[in-house]
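This report concerns only the one structure given below.
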6 protein chains.
Amino acid sequence: MFYTDNRLQFPVRVEQPDPLFARALQQAIGGVEGEIRVAMQYFFQACGARGDPKFRDLLMNTAAEELGHIEMLATAVAMNFEGAPLSLQEEAAADPVAGAVLGGINLKNLLSAGLSAMPVDSDGVPFNMSHIYASGNIAADMGANVTAESTGRILAVRLYNMTADPGMKEMLAYLIARDTMHQNQFLAALEELGGNENIFPIPNSFPQAEENTDFNYAFLGFQNDGSEPPQGRWSSGPSIDGNDAFTSRPMEPLGEVPNLGRARPNSGAQAEQE
Amino acid sequence: MFYTDNRLQFPVRVEQPDPLFARALQQAIGGVEGEIRVAMQYFFQACGARGDPKFRDLLMNTAAEELGHIEMLATAVAMNFEGAPLSLQEEAAADPVAGAVLGGINLKNLLSAGLSAMPVDSDGVPFNMSHIYASGNIAADMGANVTAESTGRILAVRLYNMTADPGMKEMLAYLIARDTMHQNQFLAALEELGGNENIFPIPNSFPQAEENTDFNYAFLGFQNDGSEPPQGRWSSGPSIDGNDAFTSRPMEPLGEVPNLGRARPNSGAQAEQE
Amino acid sequence: MFYTDNRLQFPVRVEQPDPLFARALQQAIGGVEGEIRVAMQYFFQACGARGDPKFRDLLMNTAAEELGHIEMLATAVAMNFEGAPLSLQEEAAADPVAGAVLGGINLKNLLSAGLSAMPVDSDGVPFNMSHIYASGNIAADMGANVTAESTGRILAVRLYNMTADPGMKEMLAYLIARDTMHQNQFLAALEELGGNENIFPIPNSFPQAEENTDFNYAFLGFQNDGSEPPQGRWSSGPSIDGNDAFTSRPMEPLGEVPNLGRARPNSGAQAEQE
Amino acid sequence: MFYTDNRLQFPVRVEQPDPLFARALQQAIGGVEGEIRVAMQYFFQACGARGDPKFRDLLMNTAAEELGHIEMLATAVAMNFEGAPLSLQEEAAADPVAGAVLGGINLKNLLSAGLSAMPVDSDGVPFNMSHIYASGNIAADMGANVTAESTGRILAVRLYNMTADPGMKEMLAYLIARDTMHQNQFLAALEELGGNENIFPIPNSFPQAEENTDFNYAFLGFQNDGSEPPQGRWSSGPSIDGNDAFTSRPMEPLGEVPNLGRARPNSGAQAEQE
Amino acid sequence: MFYTDNRLQFPVRVEQPDPLFARALQQAIGGVEGEIRVAMQYFFQACGARGDPKFRDLLMNTAAEELGHIEMLATAVAMNFEGAPLSLQEEAAADPVAGAVLGGINLKNLLSAGLSAMPVDSDGVPFNMSHIYASGNIAADMGANVTAESTGRILAVRLYNMTADPGMKEMLAYLIARDTMHQNQFLAALEELGGNENIFPIPNSFPQAEENTDFNYAFLGFQNDGSEPPQGRWSSGPSIDGNDAFTSRPMEPLGEVPNLGRARPNSGAQAEQE
Amino acid sequence: MFYTDNRLQFPVRVEQPDPLFARALQQAIGGVEGEIRVAMQYFFQACGARGDPKFRDLLMNTAAEELGHIEMLATAVAMNFEGAPLSLQEEAAADPVAGAVLGGINLKNLLSAGLSAMPVDSDGVPFNMSHIYASGNIAADMGANVTAESTGRILAVRLYNMTADPGMKEMLAYLIARDTMHQNQFLAALEELGGNENIFPIPNSFPQAEENTDFNYAFLGFQNDGSEPPQGRWSSGPSIDGNDAFTSRPMEPLGEVPNLGRARPNSGAQAEQE
């Protein structure tokens, strides 16, 4: 169950409203690496968590935190639209260099939302909940969360570098810090689950003897000329999961030319296919 | 540039065609954790790779491999539809227990594709390319790939457990093995990039002094009663990136009640809001 | 800012797990009339609310409530999957009449989520955040919320009628009650905004003198034979907003045949169009 | 069955073509509050209407009207692209202040449609038919239509305020007038269905005795500190449906901490979860 | 402008309601090859037509026809749901063999639409208007329409073969006939535009001398072993557009290894990439 | 199975990087008429091909070619972002006329991809794999491919006309040439399948005697006044498939007013509908 106190988690200040930066901030709300994604991802992972309940609680607490981040960013978007032109005449009257606002924003923020935030990305594309990864495997989920926080921090850094507004930089410095912690906390959860040598290959509950053991630690090359693929840590030495050693070789086709035969009558094919 | 030899990478055999299993296999083609996703993800990461070119080559080779996996799975889907009913009468004539085929498959496989594979998931939802993560940050990308291969292997294991067909089990044992290797090879790439202590927090090019350092290694609790959040490796001890030590505390709101003021005239609000 | 206490808002009990009912419940989570929709809709309306802050608080409190409903339903979905078959063999071994489970569920719940809930509807289609209506007009938003709660209650009633499980009926009786209240509370908000005669036409801030006053209270018919359109409360008597009286008449075209002229050279048209 | 006469319902004139306004008009075609939505919504509601046929006829007539609105708007979009640059050189040669056209439009209107209208919104996102609400409940549908016409009129007002072109203002004054009527006509339909006291709670066919009557007229607060939620018409006095009286109180969790137990073997979880 | 007479274009009879066939029919409404697609495609092509107006009129008339087809199919869907179970108990009470209805239908047809048609395909996926192809090139559009009617007729044939209901067969025999005509009428439009030798390559307004003339009539092979690609009408003889002769050869890479260099500072990459 | 040599199929040069043109090029990658579409369409058609295997090989070779086109275009996009501003300050410091870059690009290319290509269209909308048409009917597929290459060449021509960069013009002259060939090669395949008189109506395996023969060669008019529809090659003379002769007439409704009766109890309708 969730509660609110109507207050912002961290102060949101905008010294110089900038509608184009509002558009950029939309990526942090409704982009695939944005806050709706992490809030809902941790929420659904928590709801489906099986096993030690401390992971569920970890996830639900951070879901609550991320909901507060959406709230902060939505407020920041609306504040950056302060004073934006509502008409082509207003725009034309503005400084031409500073102008070009209406063409540069997501028009839906004006036309559909009345200068407020929307659950869309920086190009106006609505967030799609297929991006909520909750696999039922706690290690895969924690890894997915490290990934989400990595792209989330990259985005926050790019936004931080994009603006010169002190208020926005302060807010983003907070969000970047939280992304640092969240990367670390989900890495810590993976360590608590045993670290690389225990958790991989995910899922670790499948007996590796049932895998095709000719292919589970070989780096395969698909160079057209049959040459060796690029070498690196992945082509020799012990595997990262500690279960075997890497090898490397060009791949050759082991299967036949596929042949589905002729089409069945009454299946909507051309007569020539039957 | 890409080439083909029209042959399958690995043999695809189906002893007992099963249209419901064909539906399940669709998840491995067009699901968010399926082969279209990894093929295209590695492809786009390679196309945008900056820095040491060996990572680009690593990615492009594995993209080529994954294209061959789509080909295998698409063949397997069509083969599992062998003998599926095309009409309600055919279905009714079948064994009632073995029946219920038409209701159990994605009807699009029959109606749109003529008993062949489609780029959709196991519930008939088309794959959406927003799931291609290519961030321009090589560490984030490699981490995203470990995640993709983790969920991919979970899926392949579930499919392996779902079927009793020896041909299908053999094909899946191959794909599971490749997922094992792919998890390891992208983990190896992360090791080559310096391991956890060097690559995190991602992006490692942002000066951490500019973060809000009161919040970058603190696990924050959002329990309604102000109690301590769940403790674990994430709440004390050195941080995983080696840059600081974890702390833990309940969070309190630092910002104000947000107030966007009154609506602007001519902005489409009700008169009462202006 | 949001908080959690990890507890469910209302007890969730399942006496007889039913995977098909789990699929049906998914509509109440990720359907367009489901709980993600209302939670996020009220959240974004609150974040963009301008004018009297009590509406923002009303919305944010109910957003918090709806988050708890998602949590309840996600728990109910997982509980209804208890004992579901994981393989075609398990299914075949089951009672044939009670069988047909794997064909009848969204396979993603098994293959992607490990028998847990997902943010998808009852046919496995992910929720899309374009369904979050937050217009910046408080009356339009409240009306949209009455609509959302109406379709939400219809859905809950259909689910209630579909199941015989006492635990599920009890949970749904709670959710139906909340939908009753939510319809009433948003209707109350509309009354507080002045009732039909004051709030309509939305937005009430636009001067009606600028409308085309030949057409703003006329019910227009488009019957092919030019006959009168269907009569009702909408074709005569005072308008509901109290500003005029209804009339009714067949419509005739007032514009010309549109003519965009010839295509511009170099615009990619055929030569014959230029 | 539908017929056409190839003429526009109302004159469409553009005195000063403006490609950016063409982009804005796209929202009225393919936005979630646009004309495709209402045309198709009324069409599907009519096709599924059960009960008194006058509602079906009301809906189908207005569907026919809205099809004509799409036609008008599509013509207006193409006319506003008149003279738009086709190349970066053309653009550079133009007045710099009036320039920035190519960056400000949806490029698909040029690249995919050759300067014509598309079924997309003002940010180029295609319309998705999940926005067609047709519930099978006539009161819910009529309420959804009032909502659609409310957001539609807000949009039309914003477009009216955005342009100074007399032709476009005239066309929008017509469309705004129609939205006024459509709000009123669907409100009239609700009045004919009995008005607030008879139609709510929707669906009115469900016996309220089966609801959880402790919760169906209580405004619940979710303030973190357990304080009273915001008071208003919704917290005391008779309910709007006339069936009870409002009360108000803070909510407390009535359910337990959810516990899904351990993961099933062979379900793709980590070994630690089983 | 559009008109209606509320009547069906062709009789719709269902002798034996079959909810599974209702699901299949949904593909003909909201599938990518369904009637919403062709209705809206011809409509938008007409609205953007430039050049000889007879093509616009041709398109708009057929758009009107297709709207009537949606109406017929939506009626057929609802009639096939007649008597479908609303609850798991109703279903269990039915004949087990004839049962499995609730698992076999799109549950949204019941839960969201109350046993009526929806603008979704046979797996419950909503139609997306990105499938409306209207290129601004009249020959490309007519070709796209032949394609749409081809897949449409394939679908109708598959539906015809799937059912044994005389009423449904009669309706589909009508729709199949119309698809025959529509293929022919759009082929006739292409003939009127000059036939293959005049209309191809589309667009025919681009001077072929500006193409890379080493590559515009060569069938290129991408076989891994450098062997000749498959031979056919496409590898020798005059080209179909009559402008040149086909040749055939294996392709070799003409470009370099791409190299984007190092990442820019402050662009969110890892330090190792800069 | 697929192979790579890491080289570009054709040289990609950019003399004057232009971020706005990078945005336009995105349409050729991720637009519905772009290269992902054709690559994946031919790939899936090949995987499902039944009948003469030369068509499968034709398709798979061209699929391999198109993958190389994506690679070229993705490289071109990244090269056109060379030197693009990363911050609002950088942008402000630039020449105001040449400026307005950040507002004119898809911000996701910067914020999510770090100035690299993405699988999205020119307005930032991700490609959706529902656009992969693979019907199981070889003639329909070849026709769909002619259509895809027609819209693809229109797009490439528009891009060619949009830019003045010699490197980009050279690359596009190559791609336009390939589209010329691809239109011709798929037309050649249709000729090999028998030409218009043999392949139409598609599917040619359905006995036309089962069609409604009153309607399969009649051009039907839907003019409101019952007048003759537009005449052309489609209204008289032999049909293009050679099976009959065209006629033309206005259509009249043959079906009744549809009547679904009253709503079932417990189906979620209003009481007034039951």
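Our numbering is plain: 1 for the first residue shown, then up by one each step along the chain.
Cβ from N, Cα, C; glycine included.
Here is what TrEMBL says about this protein:
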- C:Glu35, C:His69, C:Glu149, C:His182: Mn(2+) 1 binding site (BINDING)
- C:Asp57: Ca(2+) binding site (BINDING)
- C:Glu66: Mn(2+) 2 binding site (BINDING)
- C:226-274: region 'Disordered' (REGION)
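Projection of TrEMBL feature records onto the structure.
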| residue | record | DSSP (3 states) |
| --- | --- | --- |
| C:Glu35 | Mn(2+) 1 binding site | helix |
| C:Asp57 | Ca(2+) binding site | helix |
| C:Glu66 | Mn(2+) 2 binding site | helix |
| C:Glu149 | Mn(2+) 1 binding site | helix |
| C:His182 | Mn(2+) 1 binding site | helix |
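Reported as a whole number, the C-alpha separation between C:His69 (Mn(2+) 1 binding site) and C:Asp57 (Ca(2+) binding site) equals 19 Å. For C:His182 (Mn(2+) 1 binding site), the same-chain residues 6+ apart in sequence whose C-beta sits under 8 angstroms from its C-beta are C:Val38, C:Thr62, C:Asn145, C:Glu149, C:Gly152. Within its own chain, C:Glu66 (Mn(2+) 2 binding site) has C:Glu35, C:Val38, C:Ala39, C:Tyr42 as residues 6 or more apart in sequence whose C-beta sits under 8 angstroms from its own.
All protein chains shown were included, and the count of other CB atoms within 10 Å of the CB of C:Glu149 (Mn(2+) 1 binding site) stands at 29. The C-beta environment of C:Asp57 (Ca(2+) binding site), restricted to residues of the same chain at least 6 apart in sequence and closer than 8 Å, consists of C:Ala46.
When the binding-site residues C:Glu35, C:His69 are compared by the number of other CB atoms within 10 angstroms of each CB, C:Glu35 has the fewest. In sequence order, the binding-site residues near chain A, meaning those of C:Asp57, C:Glu66, C:Glu149 whose CB lies under 8 Å from a CB of that chain, are C:Asp57. Apart from C:Glu35, C:His69, C:Glu149, C:His182, the residues listed for Mn(2+) 1, the same chain places the Cβ atoms of C:Val38, C:Ala39, C:Thr62, C:Glu65, C:Glu66, C:Ala148, C:Gly152, C:Leu175, C:Arg178, C:Asp179 within 8 Å of the centroid of those Cβ atoms.
Listed binding-site residues: C:Asp57, C:His69, C:His182. Those with a CB under 8 Å from a CB in chain D, in sequence order: C:Asp57. Residues in the region 'Disordered' (C:226-274) partition by DSSP class (helix H, G, I; strand E, B; coil) as 3 helix, 6 strand, 40 coil.
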